[in-house]
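Written below as C-alpha coordinates is the structure these notes are about.
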Amino acid sequence: MYYRSIKSEIIQTICTYHEEPSLIFNKICRTKTETLLLESATVHGKKNIESMLIIDTAIKISCFKNIVEIEAISNNGLFLLNTIDLKILKKKSTKIKKKKSNVLEIHFPIFNYFTDEDKKLFLTSVFDALRIIKKSIKNPEKSKMGVFFGGILSYDLISSFEPIPRVFNSKYNHPDFCFYLSENLLIFDHKKKKCKLQTNIFTDNEEEKLNILKRIKIIYNQIKEINSKKKNNRINTFNDFKTKNKKWVDCKNDSKVYKNKVKKMKQMILNGEVFQIVISRKFFLPCPYPLESYIFLKKNNPSPYMFFMQDRHFVLFGASPESSLKFSSITRKIEIHPIAGTRPRAFSSIKKIDINEDNKMELAMRINSKELAEHCMLVDLARNDLSRICLPGSRVVSDLMKVVKYSHVMHLVSKVEGVLRNDLDIFHAYQCCMNMGTLTGAPKIRAMQIIAEEGEIRECYGGAIGYFTGKGDLDTCIVIRSAYVRNGIACVQAGAGIVLDSIADEENEECKNKAMAVINAINKTL
(Lines of atoms letter the chains of each structure in order from A and count residues from 1; the text may use other names and numbers.)
(Lines give C-alpha, C1' and ligand atoms only; values in the text may rest on other atoms or scores of the structure.)
Protein backbone atom coordinates (compact mmCIF):
# COMPACT_ATOMS: atom_id res chain seq x y z
CA MET A 1 0.00 0.00 0.00
CA TYR A 2 1.31 3.47 -0.92
CA TYR A 3 1.77 6.07 1.82
CA ARG A 4 2.67 9.65 0.99
CA SER A 5 6.00 10.22 2.70
CA ILE A 6 6.63 13.11 5.10
CA LYS A 7 10.29 13.82 5.68
CA SER A 8 11.40 13.99 9.29
CA GLU A 9 14.57 15.89 10.05
CA ILE A 10 16.23 14.64 13.23
CA ILE A 11 18.66 16.79 15.21
CA GLN A 12 20.70 15.12 17.94
CA THR A 13 22.27 17.27 20.64
CA ILE A 14 24.72 15.91 23.21
CA CYS A 15 23.65 17.12 26.67
CA THR A 16 25.22 16.95 30.11
CA TYR A 17 24.54 13.54 31.63
CA HIS A 18 22.49 13.32 34.83
CA GLU A 19 22.07 10.13 36.84
CA GLU A 20 18.55 11.07 37.99
CA PRO A 21 16.21 11.98 35.07
CA SER A 22 13.34 12.69 37.47
CA LEU A 23 15.19 15.85 38.54
CA ILE A 24 15.19 16.97 34.92
CA PHE A 25 11.51 16.06 34.64
CA ASN A 26 10.83 18.17 37.73
CA LYS A 27 12.75 21.13 36.31
CA ILE A 28 11.42 21.09 32.73
CA CYS A 29 8.12 19.17 32.80
CA ARG A 30 6.69 19.70 36.29
CA THR A 31 3.74 21.76 34.99
CA LYS A 32 3.73 20.38 31.43
CA THR A 33 1.21 17.81 30.28
CA GLU A 34 1.65 15.29 27.46
CA THR A 35 5.02 14.36 28.95
CA LEU A 36 6.35 10.87 29.61
CA LEU A 37 9.30 9.33 31.44
CA LEU A 38 10.18 5.68 30.72
CA GLU A 39 13.00 4.02 32.69
CA SER A 40 14.59 0.65 33.36
CA ALA A 41 16.84 -0.58 36.16
CA THR A 42 18.46 -3.76 37.41
CA VAL A 43 16.40 -5.42 40.13
CA HIS A 44 19.21 -6.51 42.47
CA GLY A 45 21.88 -3.85 41.96
CA LYS A 46 19.32 -1.03 41.78
CA LYS A 47 21.33 0.46 38.90
CA ASN A 48 19.68 2.55 36.21
CA ILE A 49 20.01 1.14 32.69
CA GLU A 50 18.18 3.52 30.36
CA SER A 51 15.75 6.43 30.58
CA MET A 52 13.71 8.16 27.88
CA LEU A 53 11.89 11.41 28.53
CA ILE A 54 9.40 13.04 26.14
CA ILE A 55 9.78 16.72 26.99
CA ASP A 56 7.69 18.11 24.12
CA THR A 57 4.97 16.33 22.15
CA ALA A 58 4.26 17.13 18.48
CA ILE A 59 0.96 15.27 18.15
CA LYS A 60 -1.20 13.27 20.53
CA ILE A 61 -3.20 10.27 19.27
CA SER A 62 -6.07 9.13 21.51
CA CYS A 63 -8.69 6.42 20.97
CA PHE A 64 -12.18 6.37 22.50
CA LYS A 65 -14.04 3.21 21.41
CA ASN A 66 -14.18 3.46 17.58
CA ILE A 67 -13.11 7.14 17.41
CA VAL A 68 -9.46 8.18 17.14
CA GLU A 69 -8.58 11.79 17.91
CA ILE A 70 -5.36 13.27 16.49
CA GLU A 71 -4.38 16.53 18.17
CA ALA A 72 -1.50 18.81 17.22
CA ILE A 73 0.21 19.97 20.42
CA SER A 74 2.82 22.18 18.72
CA ASN A 75 3.06 24.17 15.48
CA ASN A 76 5.53 21.56 14.29
CA GLY A 77 2.89 18.92 14.99
CA LEU A 78 0.20 20.99 13.23
CA PHE A 79 2.22 20.90 10.01
CA LEU A 80 2.44 17.12 10.31
CA LEU A 81 -1.29 16.82 11.04
CA ASN A 82 -2.17 18.85 7.95
CA THR A 83 0.25 16.87 5.77
CA ILE A 84 -0.65 13.27 6.69
CA ASP A 85 -2.55 11.65 3.81
CA LEU A 86 -5.70 10.15 5.31
CA LYS A 87 -7.35 9.33 1.97
CA ILE A 88 -6.41 5.69 2.52
CA LEU A 89 -8.67 5.62 5.57
CA LYS A 90 -11.61 7.05 3.61
CA LYS A 91 -11.43 3.97 1.39
CA LYS A 92 -11.86 1.83 4.52
CA SER A 93 -15.36 3.09 5.43
CA THR A 94 -14.06 5.66 7.91
CA LYS A 95 -15.32 9.21 8.43
CA ILE A 96 -12.87 12.04 9.05
CA LYS A 97 -14.01 15.21 10.83
CA LYS A 98 -12.14 18.38 11.70
CA LYS A 99 -13.12 18.96 15.31
CA LYS A 100 -10.90 22.05 15.77
CA SER A 101 -8.16 23.72 13.75
CA ASN A 102 -5.63 21.45 15.49
CA VAL A 103 -7.80 18.34 16.06
CA LEU A 104 -8.97 15.64 13.65
CA GLU A 105 -11.47 12.91 14.50
CA ILE A 106 -11.49 9.60 12.64
CA HIS A 107 -14.61 7.46 13.04
CA PHE A 108 -13.88 3.80 12.34
CA PRO A 109 -16.50 1.18 11.45
CA ILE A 110 -17.57 -1.19 14.23
CA PHE A 111 -15.22 -4.17 14.24
CA ASN A 112 -16.59 -7.54 13.11
CA TYR A 113 -15.65 -9.86 15.99
CA PHE A 114 -16.80 -13.05 14.33
CA THR A 115 -14.48 -13.10 11.32
CA ASP A 116 -11.88 -15.83 10.82
CA GLU A 117 -8.98 -15.27 13.27
CA ASP A 118 -6.35 -14.63 10.59
CA LYS A 119 -8.60 -12.41 8.46
CA LYS A 120 -9.53 -10.45 11.58
CA LEU A 121 -5.96 -9.15 11.80
CA PHE A 122 -6.37 -7.36 8.46
CA LEU A 123 -9.77 -5.74 9.08
CA THR A 124 -9.97 -1.95 9.34
CA SER A 125 -9.44 -0.97 12.98
CA VAL A 126 -8.42 1.91 15.23
CA PHE A 127 -4.81 0.67 14.97
CA ASP A 128 -4.83 1.88 11.34
CA ALA A 129 -4.58 5.47 12.62
CA LEU A 130 -1.28 4.69 14.39
CA ARG A 131 -0.14 2.57 11.44
CA ILE A 132 -0.71 5.33 8.86
CA ILE A 133 0.96 8.06 10.96
CA LYS A 134 3.99 5.82 11.55
CA LYS A 135 4.27 4.77 7.89
CA SER A 136 3.75 8.30 6.58
CA ILE A 137 6.88 9.64 8.28
CA LYS A 138 10.14 9.02 6.44
CA ASN A 139 12.89 8.39 8.97
CA PRO A 140 16.50 9.37 8.20
CA GLU A 141 18.53 6.24 7.38
CA LYS A 142 21.26 7.17 9.86
CA SER A 143 18.77 7.40 12.73
CA LYS A 144 18.83 4.29 14.93
CA MET A 145 15.14 4.38 15.85
CA GLY A 146 13.57 7.20 13.83
CA VAL A 147 10.57 8.95 15.34
CA PHE A 148 9.42 7.95 18.83
CA PHE A 149 5.88 7.28 20.05
CA GLY A 150 5.32 6.76 23.79
CA GLY A 151 2.07 6.02 25.60
CA ILE A 152 -0.50 3.58 26.94
CA LEU A 153 -2.80 0.86 25.65
CA SER A 154 -5.63 0.41 28.14
CA TYR A 155 -7.04 -2.93 29.21
CA ASP A 156 -10.49 -1.96 27.90
CA LEU A 157 -9.17 -1.60 24.32
CA ILE A 158 -9.88 -5.32 23.95
CA SER A 159 -13.63 -4.57 23.69
CA SER A 160 -13.00 -3.03 20.25
CA PHE A 161 -11.60 -6.33 18.95
CA GLU A 162 -13.30 -9.17 20.83
CA PRO A 163 -16.84 -9.80 22.13
CA ILE A 164 -16.02 -8.44 25.59
CA PRO A 165 -18.75 -6.22 27.14
CA ARG A 166 -17.67 -2.65 27.86
CA VAL A 167 -17.95 -1.56 31.48
CA PHE A 168 -19.27 1.96 32.10
CA ASN A 169 -18.96 2.63 35.81
CA SER A 170 -16.54 5.57 35.69
CA LYS A 171 -17.47 9.24 35.40
CA TYR A 172 -14.26 9.77 33.40
CA ASN A 173 -13.79 8.95 29.73
CA HIS A 174 -10.44 7.19 29.78
CA PRO A 175 -8.80 6.60 26.37
CA ASP A 176 -8.44 3.07 24.98
CA PHE A 177 -4.99 4.15 23.84
CA CYS A 178 -3.06 7.39 24.08
CA PHE A 179 0.30 8.02 22.39
CA TYR A 180 2.57 11.05 22.19
CA LEU A 181 4.69 11.55 19.07
CA SER A 182 7.85 13.08 20.46
CA GLU A 183 9.17 16.45 19.31
CA ASN A 184 11.93 16.65 21.92
CA LEU A 185 13.11 13.38 23.45
CA LEU A 186 15.90 13.00 26.03
CA ILE A 187 17.70 9.65 25.94
CA PHE A 188 19.90 8.59 28.89
CA ASP A 189 22.36 5.72 28.62
CA HIS A 190 23.22 5.18 32.28
CA LYS A 191 25.83 2.50 31.61
CA LYS A 192 27.87 4.84 29.41
CA LYS A 193 26.78 7.92 31.40
CA LYS A 194 25.67 9.72 28.25
CA CYS A 195 22.66 11.87 27.44
CA LYS A 196 21.39 13.15 24.11
CA LEU A 197 18.41 15.20 22.98
CA GLN A 198 16.62 13.97 19.85
CA THR A 199 14.53 16.61 18.11
CA ASN A 200 12.10 15.79 15.29
CA ILE A 201 11.33 18.53 12.77
CA PHE A 202 8.38 17.97 10.44
CA THR A 203 7.63 21.54 9.40
CA ASP A 204 9.08 23.25 6.33
CA ASN A 205 8.38 26.71 7.79
CA GLU A 206 11.74 28.41 8.37
CA GLU A 207 10.45 30.60 11.20
CA GLU A 208 9.10 27.57 13.04
CA LYS A 209 12.42 25.76 12.49
CA LEU A 210 14.19 28.66 14.18
CA ASN A 211 11.76 28.43 17.12
CA ILE A 212 12.57 24.72 17.45
CA LEU A 213 16.31 25.45 17.44
CA LYS A 214 15.76 28.05 20.18
CA ARG A 215 13.84 25.45 22.18
CA ILE A 216 16.78 23.03 21.85
CA LYS A 217 19.09 25.66 23.30
CA ILE A 218 16.72 26.34 26.21
CA ILE A 219 16.49 22.62 27.08
CA TYR A 220 20.27 22.23 26.77
CA ASN A 221 20.87 25.12 29.19
CA GLN A 222 18.23 23.90 31.65
CA ILE A 223 19.92 20.49 31.86
CA LYS A 224 23.33 22.11 32.22
CA GLU A 225 22.01 24.30 35.03
CA ILE A 226 20.63 21.29 36.90
CA ASN A 227 24.01 19.56 36.74
CA SER A 228 25.93 22.64 37.87
CA LYS A 229 23.68 23.03 40.92
CA LYS A 230 23.09 19.43 41.97
CA LYS A 231 22.99 20.18 45.68
CA ASN A 232 20.37 22.89 45.24
CA ASN A 233 18.18 21.04 42.77
CA ARG A 234 16.64 18.51 45.09
CA ILE A 235 12.92 17.89 44.72
CA ASN A 236 10.77 17.98 47.86
CA THR A 237 11.36 14.28 48.31
CA PHE A 238 9.74 11.90 50.78
CA ASN A 239 11.86 13.03 53.73
CA ASP A 240 10.36 16.53 53.53
CA PHE A 241 6.75 15.42 54.03
CA LYS A 242 4.71 14.66 57.10
CA THR A 243 3.67 11.04 57.28
CA LYS A 244 1.14 11.22 60.12
CA ASN A 245 -1.94 11.02 57.89
CA LYS A 246 -1.22 7.68 56.28
CA LYS A 247 -4.48 6.19 55.02
CA TRP A 248 -5.81 4.05 52.25
CA VAL A 249 -9.40 3.16 51.53
CA ASP A 250 -10.53 -0.07 49.93
CA CYS A 251 -13.12 0.53 47.22
CA LYS A 252 -15.98 -1.98 46.97
CA ASN A 253 -13.82 -5.11 47.19
CA ASP A 254 -12.96 -5.20 50.89
CA SER A 255 -11.46 -8.44 52.16
CA LYS A 256 -14.83 -10.09 52.76
CA VAL A 257 -16.21 -9.16 49.32
CA TYR A 258 -13.00 -10.23 47.59
CA LYS A 259 -12.94 -13.62 49.34
CA ASN A 260 -16.54 -14.20 48.27
CA LYS A 261 -15.52 -13.41 44.68
CA VAL A 262 -12.72 -15.97 44.95
CA LYS A 263 -15.26 -18.58 46.03
CA LYS A 264 -17.55 -17.59 43.14
CA MET A 265 -14.69 -17.90 40.63
CA LYS A 266 -13.72 -21.32 42.01
CA GLN A 267 -17.27 -22.49 41.41
CA MET A 268 -17.12 -21.20 37.82
CA ILE A 269 -13.85 -23.10 37.36
CA LEU A 270 -15.50 -26.22 38.77
CA ASN A 271 -18.37 -25.71 36.30
CA GLY A 272 -15.88 -25.67 33.42
CA GLU A 273 -16.22 -21.96 32.51
CA VAL A 274 -12.46 -21.28 32.81
CA PHE A 275 -9.29 -22.93 34.10
CA GLN A 276 -7.91 -19.79 35.70
CA ILE A 277 -9.04 -16.17 36.14
CA VAL A 278 -7.47 -12.99 37.55
CA ILE A 279 -9.69 -10.86 39.77
CA SER A 280 -8.43 -7.68 41.37
CA ARG A 281 -8.93 -5.17 44.16
CA LYS A 282 -8.74 -1.38 44.06
CA PHE A 283 -7.20 0.73 46.81
CA PHE A 284 -7.76 4.51 46.90
CA LEU A 285 -5.65 7.05 48.76
CA PRO A 286 -4.66 10.73 48.49
CA CYS A 287 -1.70 11.38 46.17
CA PRO A 288 -0.92 15.10 46.05
CA TYR A 289 2.71 14.58 44.95
CA PRO A 290 2.79 11.84 42.29
CA LEU A 291 6.31 12.65 41.04
CA GLU A 292 7.76 12.37 44.54
CA SER A 293 5.85 9.13 45.05
CA TYR A 294 7.32 7.79 41.80
CA ILE A 295 10.85 8.70 42.95
CA PHE A 296 10.36 6.83 46.22
CA LEU A 297 8.90 3.81 44.39
CA LYS A 298 11.80 3.79 41.93
CA LYS A 299 14.38 3.98 44.73
CA ASN A 300 12.87 1.19 46.82
CA ASN A 301 11.42 -1.05 44.11
CA PRO A 302 13.66 -0.78 41.02
CA SER A 303 12.15 -2.69 38.11
CA PRO A 304 12.81 -3.53 34.47
CA TYR A 305 10.02 -1.11 33.54
CA MET A 306 9.32 2.17 35.36
CA PHE A 307 7.09 4.94 34.06
CA PHE A 308 5.66 8.36 34.83
CA MET A 309 3.06 9.63 32.35
CA GLN A 310 1.63 13.12 32.84
CA ASP A 311 -1.45 13.72 30.71
CA ARG A 312 -3.75 16.73 31.05
CA HIS A 313 -6.46 14.40 32.40
CA PHE A 314 -4.49 11.96 34.58
CA VAL A 315 -1.10 10.86 35.89
CA LEU A 316 0.03 7.24 35.68
CA PHE A 317 3.18 6.00 37.41
CA GLY A 318 4.56 2.64 38.40
CA ALA A 319 7.36 0.08 38.54
CA SER A 320 6.32 -3.01 36.62
CA PRO A 321 8.21 -6.31 36.73
CA GLU A 322 6.47 -7.76 33.69
CA SER A 323 7.00 -7.17 29.99
CA SER A 324 3.86 -7.08 27.86
CA LEU A 325 5.12 -7.38 24.29
CA LYS A 326 8.59 -6.68 22.89
CA PHE A 327 9.66 -6.67 19.24
CA SER A 328 12.96 -6.05 17.43
CA SER A 329 12.65 -4.79 13.85
CA ILE A 330 16.17 -6.08 13.07
CA THR A 331 15.69 -9.72 14.14
CA ARG A 332 11.85 -9.67 13.94
CA LYS A 333 11.93 -11.52 17.26
CA ILE A 334 8.85 -11.02 19.44
CA GLU A 335 8.76 -11.81 23.17
CA ILE A 336 6.28 -12.38 25.99
CA HIS A 337 7.46 -12.77 29.61
CA PRO A 338 4.73 -14.50 31.68
CA ILE A 339 4.86 -13.97 35.44
CA ALA A 340 2.80 -16.26 37.66
CA GLY A 341 3.61 -17.52 41.12
CA THR A 342 4.02 -15.02 43.95
CA ARG A 343 5.31 -15.05 47.51
CA PRO A 344 5.93 -12.15 49.92
CA ARG A 345 9.53 -11.32 50.85
CA ALA A 346 10.55 -12.36 54.38
CA PHE A 347 11.43 -9.45 56.66
CA SER A 348 13.11 -9.48 60.06
CA SER A 349 11.88 -7.53 63.09
CA ILE A 350 14.03 -4.57 61.98
CA LYS A 351 12.41 -4.50 58.51
CA LYS A 352 15.42 -6.02 56.75
CA ILE A 353 15.29 -9.06 54.46
CA ASP A 354 15.75 -12.26 56.49
CA ILE A 355 17.83 -14.30 54.02
CA ASN A 356 17.13 -17.66 55.64
CA GLU A 357 13.35 -17.14 55.79
CA ASP A 358 13.38 -15.57 52.33
CA ASN A 359 15.01 -18.69 50.88
CA LYS A 360 12.35 -20.81 52.57
CA MET A 361 9.69 -18.65 50.90
CA GLU A 362 11.38 -19.16 47.54
CA LEU A 363 11.55 -22.94 48.00
CA ALA A 364 7.90 -23.07 49.04
CA MET A 365 6.96 -21.22 45.86
CA ARG A 366 9.13 -23.45 43.65
CA ILE A 367 7.51 -26.66 44.89
CA ASN A 368 3.93 -25.41 45.28
CA SER A 369 1.80 -27.46 42.87
CA LYS A 370 -0.83 -24.72 42.56
CA GLU A 371 1.75 -22.06 41.62
CA LEU A 372 3.52 -24.39 39.16
CA ALA A 373 0.28 -25.43 37.47
CA GLU A 374 -0.85 -21.80 37.15
CA HIS A 375 2.50 -20.78 35.70
CA CYS A 376 2.60 -23.60 33.14
CA MET A 377 -0.94 -22.74 32.07
CA LEU A 378 0.07 -19.13 31.35
CA VAL A 379 3.27 -20.13 29.55
CA ASP A 380 1.13 -22.34 27.33
CA LEU A 381 -1.27 -19.44 26.75
CA ALA A 382 1.66 -17.22 25.67
CA ARG A 383 2.81 -19.97 23.30
CA ASN A 384 -0.67 -20.13 21.79
CA ASP A 385 -0.82 -16.34 21.33
CA LEU A 386 2.52 -16.29 19.53
CA SER A 387 1.66 -19.29 17.36
CA ARG A 388 -0.96 -17.18 15.57
CA ILE A 389 1.52 -14.50 14.49
CA CYS A 390 4.94 -16.21 14.32
CA LEU A 391 6.68 -18.18 11.59
CA PRO A 392 6.12 -21.95 11.96
CA GLY A 393 8.82 -23.60 14.07
CA SER A 394 10.21 -20.32 15.43
CA ARG A 395 8.37 -20.30 18.76
CA VAL A 396 10.37 -21.41 21.84
CA VAL A 397 10.28 -21.16 25.64
CA SER A 398 13.79 -19.78 26.21
CA ASP A 399 13.49 -19.30 30.00
CA LEU A 400 11.26 -21.31 32.32
CA MET A 401 10.33 -20.45 35.91
CA LYS A 402 13.21 -18.24 36.99
CA VAL A 403 12.79 -16.59 40.40
CA VAL A 404 13.00 -12.79 40.43
CA LYS A 405 12.82 -10.87 43.72
CA TYR A 406 11.46 -7.34 44.25
CA SER A 407 11.07 -5.15 47.34
CA HIS A 408 7.89 -6.78 48.69
CA VAL A 409 7.30 -9.90 46.56
CA MET A 410 9.09 -12.59 44.54
CA HIS A 411 7.83 -14.14 41.30
CA LEU A 412 8.28 -17.08 38.93
CA VAL A 413 9.16 -15.67 35.49
CA SER A 414 9.42 -17.30 32.04
CA LYS A 415 10.23 -16.08 28.52
CA VAL A 416 8.42 -17.15 25.34
CA GLU A 417 9.62 -15.89 21.96
CA GLY A 418 9.23 -16.37 18.22
CA VAL A 419 9.81 -14.69 14.85
CA LEU A 420 6.97 -12.45 13.62
CA ARG A 421 5.50 -13.30 10.22
CA ASN A 422 6.64 -11.00 7.40
CA ASP A 423 3.09 -9.91 6.55
CA LEU A 424 2.42 -8.65 10.09
CA ASP A 425 3.56 -5.62 12.10
CA ILE A 426 3.64 -4.60 15.78
CA PHE A 427 -0.01 -3.53 15.76
CA HIS A 428 -1.16 -6.90 14.41
CA ALA A 429 0.95 -8.54 17.11
CA TYR A 430 -0.52 -6.50 19.95
CA GLN A 431 -4.05 -6.96 18.61
CA CYS A 432 -3.56 -10.72 18.66
CA CYS A 433 -1.91 -10.96 22.09
CA MET A 434 -3.83 -8.44 24.23
CA ASN A 435 -4.54 -8.59 27.09
CA MET A 436 -1.79 -10.70 28.61
CA GLY A 437 -2.91 -13.98 30.15
CA THR A 438 -1.23 -13.20 33.47
CA LEU A 439 -3.81 -10.40 33.99
CA THR A 440 -6.82 -12.20 32.51
CA GLY A 441 -6.82 -15.98 32.76
CA ALA A 442 -7.42 -19.00 30.54
CA PRO A 443 -9.20 -19.43 28.21
CA LYS A 444 -8.47 -15.76 27.71
CA ILE A 445 -11.66 -14.54 25.97
CA ARG A 446 -14.04 -16.23 28.41
CA ALA A 447 -11.97 -15.03 31.38
CA MET A 448 -12.18 -11.42 30.14
CA GLN A 449 -15.93 -11.76 29.63
CA ILE A 450 -16.34 -12.90 33.24
CA ILE A 451 -14.11 -10.05 34.47
CA ALA A 452 -16.33 -7.60 32.54
CA GLU A 453 -19.45 -9.14 34.09
CA GLU A 454 -18.06 -8.17 37.50
CA GLY A 455 -18.79 -4.57 36.43
CA GLU A 456 -15.45 -3.02 37.45
CA ILE A 457 -13.69 -0.95 34.76
CA ARG A 458 -9.92 -1.56 34.67
CA GLU A 459 -8.79 1.43 32.56
CA CYS A 460 -4.94 1.30 32.53
CA TYR A 461 -4.55 -1.65 34.91
CA GLY A 462 -3.69 -4.81 33.00
CA GLY A 463 -3.07 -2.87 29.79
CA ALA A 464 0.37 -1.80 28.55
CA ILE A 465 2.65 1.23 28.58
CA GLY A 466 5.81 1.76 26.54
CA TYR A 467 6.91 2.91 23.12
CA PHE A 468 7.22 2.09 19.44
CA THR A 469 9.56 3.69 16.92
CA GLY A 470 9.54 4.76 13.31
CA LYS A 471 11.86 1.85 12.52
CA GLY A 472 9.25 -0.58 13.89
CA ASP A 473 10.61 -1.56 17.32
CA LEU A 474 8.19 -2.06 20.21
CA ASP A 475 8.82 -2.35 23.95
CA THR A 476 5.94 -2.37 26.43
CA CYS A 477 5.23 -3.58 29.95
CA ILE A 478 2.03 -4.60 31.67
CA VAL A 479 0.55 -1.81 33.78
CA ILE A 480 0.81 -3.33 37.26
CA ARG A 481 2.45 -2.12 40.52
CA SER A 482 1.13 1.28 39.47
CA ALA A 483 -1.04 4.22 40.53
CA TYR A 484 -3.60 5.96 38.34
CA VAL A 485 -4.07 9.50 39.68
CA ARG A 486 -6.98 11.88 39.00
CA ASN A 487 -7.75 15.03 40.98
CA GLY A 488 -5.17 14.14 43.63
CA ILE A 489 -6.61 10.66 44.34
CA ALA A 490 -4.63 7.55 43.41
CA CYS A 491 -6.15 4.22 42.47
CA VAL A 492 -3.79 1.29 43.11
CA GLN A 493 -5.07 -1.97 41.66
CA ALA A 494 -3.72 -5.47 42.23
CA GLY A 495 -5.00 -8.93 41.38
CA ALA A 496 -4.41 -12.63 41.92
CA GLY A 497 -4.82 -15.62 39.64
CA ILE A 498 -7.61 -17.88 40.85
CA VAL A 499 -7.49 -21.63 40.15
CA LEU A 500 -9.43 -24.54 41.62
CA ASP A 501 -6.91 -25.01 44.45
CA SER A 502 -6.88 -21.32 45.43
CA ILE A 503 -7.35 -20.40 49.10
CA ALA A 504 -9.35 -17.18 49.48
CA ASP A 505 -7.28 -15.80 52.39
CA GLU A 506 -4.01 -16.34 50.50
CA GLU A 507 -5.29 -14.69 47.30
CA ASN A 508 -6.54 -11.73 49.33
CA GLU A 509 -3.13 -11.33 50.98
CA GLU A 510 -1.41 -11.63 47.59
CA CYS A 511 -3.36 -8.60 46.34
CA LYS A 512 -2.29 -6.59 49.39
CA ASN A 513 1.36 -7.63 49.02
CA LYS A 514 1.41 -6.63 45.35
CA ALA A 515 -0.14 -3.23 46.08
CA MET A 516 1.99 -2.48 49.13
CA ALA A 517 5.10 -1.10 47.38
CA VAL A 518 3.04 1.57 45.57
CA ILE A 519 0.87 2.35 48.61
CA ASN A 520 3.98 2.79 50.78
CA ALA A 521 5.54 5.11 48.18
CA ILE A 522 2.45 7.32 48.15
CA ASN A 523 2.09 7.28 51.94
CA LYS A 524 5.69 8.46 52.30
CA THR A 525 4.78 11.70 50.49
CA LEU A 526 1.59 12.51 52.42
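In case you wondered, yes, glycine gets a Cβ from its N, Cα and C as well.
Look at Swiss-Prot and you will find S40, P304, Y305, M306 tagged as L-tryptophan binding site. The chorismate binding site annotation in Swiss-Prot covers G341, T342, Y461, R481, G495, A496, G497 and is backed by similarity to another entry. Per Swiss-Prot, Mg(2+) binding site is recorded for E374, E510, and the stated evidence type is similarity to another entry.
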(request) For G497 (chorismate binding site), just give me the three-state DSSP call. (result) strand
(message) Of the binding-site residues S40, P304, M306, E374, E510, which one has its Cα closest to the Cα of R481 (chorismate binding site)?
(response) M306
(message) Nearest of the binding-site residues to Y305 (L-tryptophan binding site) by CA-CA distance, picking from E374, Y461, G495, A496, G497?
(response) Y461
(message) I want to verify one value. Collapsing DSSP to three states, which class is E510 (Mg(2+) binding site)?
(response) helix
(request) Whole-number Å only: compute the distance from the Cα of E374 (Mg(2+) binding site) to the Cα of G495 (chorismate binding site). (result) 14
(request) Provide the three-state secondary structure of G341 (chorismate binding site) computed with DSSP. (result) strand
(message) Using a Cβ cut-off under 8 Å and a sequence separation of 6 or more, which residues in the same chain sit near T342 (chorismate binding site)?
(response) M365, E371, V409, M410, H411, A496, E510, N513, K514
(request) List the residues of the same chain that sit at least 6 positions away from M306 (L-tryptophan binding site) in sequence and have their Cβ under 8 Å from its Cβ, in sequence order, or write 'none'. (result) L38, E39, S40, A41, Y294, L297, K298, G318, A319, S320
(message) Suppose we draw a 10 Å sphere around the Cβ of E374 (Mg(2+) binding site). How many other Cβ atoms does it contain, all chains included?
(response) 27
